[in-house]
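Per TrEMBL, the features are:
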COMPBIAS  328-337  compositional bias 'Polar residues'
COMPBIAS  430-439  compositional bias 'Polar residues'
COMPBIAS  440-454  compositional bias 'Basic and acidic residues'
COMPBIAS  648-659  compositional bias 'Low complexity'
DOMAIN    50-106  domain 'CTLH'
DOMAIN    461-518  domain 'CTLH'
REGION    328-365  region 'Disordered'
REGION    405-454  region 'Disordered'
REGION    646-666  region 'Disordered'
Amino acid sequence: MDSTLVNWEALDRLILDFAKSENLIDDSATTSTISFPSSSPSSFSSSYQSRFIIRQIRRFLESGDIDSTLHLLRSHAPFILDDRRLLFRLQKQKFMELLRRGTDEARDSAIECIRTALAPCALDAYPEAYEEFKHILLAFIYDKDDQNSPVTKAWSERRRFEIAGLMSSVLRAHLQAYDPVFSMTLRYLISIHKGFCIHQGISSPISDLTERLLLEERDPPAVPQESFYEAPPFDEVDIQALAHAVELTRQGAIDSLRFAKGDLFQAFQNELCRMKVDVSMLDELVREYCVYRGIVDSGLALPSVPGLKTLAEPLKVGQSEPGCCSSRNYSFEGDNNSNKHSDGENSVSNAHMNVSPEDSVDVNSIQGTDVELRYACESTSYHEDCSTSGSHQAGISKVLQRNRNYTIGERSKRKRWRGRQDEEDYKQDLNATASSTNLSRDKQQGYEKHPLADINARDDKNEIVLGMKELVGRGMAAEVVEEVTALDPNFFMQNHVLLFQLKQVEFLKLVSSGDHTSALRVASSHLGPIASRDPSLLKPLKETLLALLRPNEDALGKGLPLHALSTSLQVAIGQKLGIEEPQLMKLMRATLHTHNEWFKLQMCKDRFESLLRVDSLKDVNTPLISACSMSKSNADSCTHGSSQVTISSSTRVSEEGSSPAQESSRDVCDENAILKVMEFLALPRADAIHLLAQYNGNAETVIQQIFA
């Protein structure tokens, strides 16, 4: 279920916007290592304040504090109190909360509430309001513990959560205080993923995440005002699109459109934000991803590694480490021949090696639950050399020594994770679920089991991987090959496709600089021999050589998306070092795959994918080497488990790609006929199309046969 490729750069942007808009990171004095075009701070601040007020109102209502709720509404959303329907419900709940206290003083206050507020409001709130008013007076004589009383529901504390959800829905829509795009996108993709798995009768590989993250319960829908009931009829296409996108009945979709005054996309956002997520779990998934991608700092200090040379003695350009060969051979299984790197390949850029004695490390405090303990070695044949002892540990030490100053500089640019530090934000929007509690408990227990040295070792590994990723992003392919080989001399024997890609980058960089002689030396010494052993690489090799015919173009920029290659290398090296990829990456890969498959079944394009940036998450730039050109064995060596090499031969995953049978079914069916069957039989689009295909596209015949 994880064959879909993901544009991780686009996800980085969504994640950073989410973290900023939720005030999860300290962005006051840092600049990210990645350049992110994002919304203005003022818009984030305004939206955050509105969402924060809504959360406060929700908490007051859930705790039964109606007076504080009314005070906040008068200060920040007085228009709510102008709606007599909502005001009546608030006053009715206030009456019940006063009676719940059980004192004589509270009972007197309840009587006063009836006389001055509840009774006058019941006269013109809505047609049933006066009957509800008379019914609730029975609470005077029936105790809250009487389970057989006619006012049991009114006494139920669940009413608090119902009115809290209703007020949240209304306020969110009126204040345009929608959740960040990433939060809505995740809700939508998980919802589709669940629906697809149920429809196909298959089990989800990420059910442990989706079940805990997206809760079954939703906030009540906002009810449109009576004046909207006479709204002109809505387009059936919009009704069906909304109904099936967020799992509403047809009438529910119509009511949602009425409340949004016919705005399909506003109605869609209203419905998505009604879905409840475990906020604490979402924050933890985002933090884990941000640390892995180098967006935020891990919160750990840079450790000192025993046996390293002093920082005042940096490795000179062209100088080899003791015990490291200046010329490395790469031989592949089944071949006795070997290939040598070009002469200048072992020189490492001064930009990431020179260190001045004055440089100091900013030591951060270690905070229990903020320490990542996910980087354990896996006991598989693929990770046989994952040990941190012996020659492998020596490789890590050497790479750390060469890159220490560079690492310190990059870490200083990362953002600091602050979490929901506001006092009110510590209280979650939802009741704490067992899943999030267990997640925090497991992390704390893991922290207690692992000594600080182990944690620092894991942080070292992560910094090495992030350093490699950054170098690839800058096009420094020769330096990356040198560093990776110093870390693990056997890495490229098992990942020759990645070596080929890095040499592609080196070749294209030389072509762009006009050094055709060195470029041809790289091609003949490395690209040619690798392609001769893997015939599937011959085609991309030919395409790479075409760059020689276009000397005035930016061959590197057009030839290979460096961000995709950097992520592929990050995943592969991380796995060799025992660094598990973030759960969020697995979640996004699986849900985007089912999104593709779902809309193939629907035989239509997703009308909401641009709004939620789903299209950008699938927009993978075309590299010279394509995923389909890799042999299965080579692909397996570049990936492990659910990880995917982030490259693709197509710029955009086709949303309308379908089988010949699906194409013929769509040709038979008219769009109006599809909508008619969907409306009358309340069927999903795919089922309606299949039925129409059986009866030559005649909607009337389908309906007659079903009711017959």
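Note that Cβ sites are derived from N, Cα and C of the backbone, with glycine treated the same way.
The shown structure was predicted, so the numbers you read here are calculated from the model rather than taken from an experiment.
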Revision key, fill the gap. Taking every residue in the domain 'CTLH' (50-106), the average pLDDT works out to 94
Exercise for review: Could you break down the residues of the domain 'CTLH' (50-106) into DSSP helix, strand and coil, giving a count for each?
Suggested key: 49 helix, 0 strand, 8 coil
Study note, to complete from the structure: the domain 'CTLH' (461-518) resolves under DSSP into 49 helix, 0 strand, 9 coil
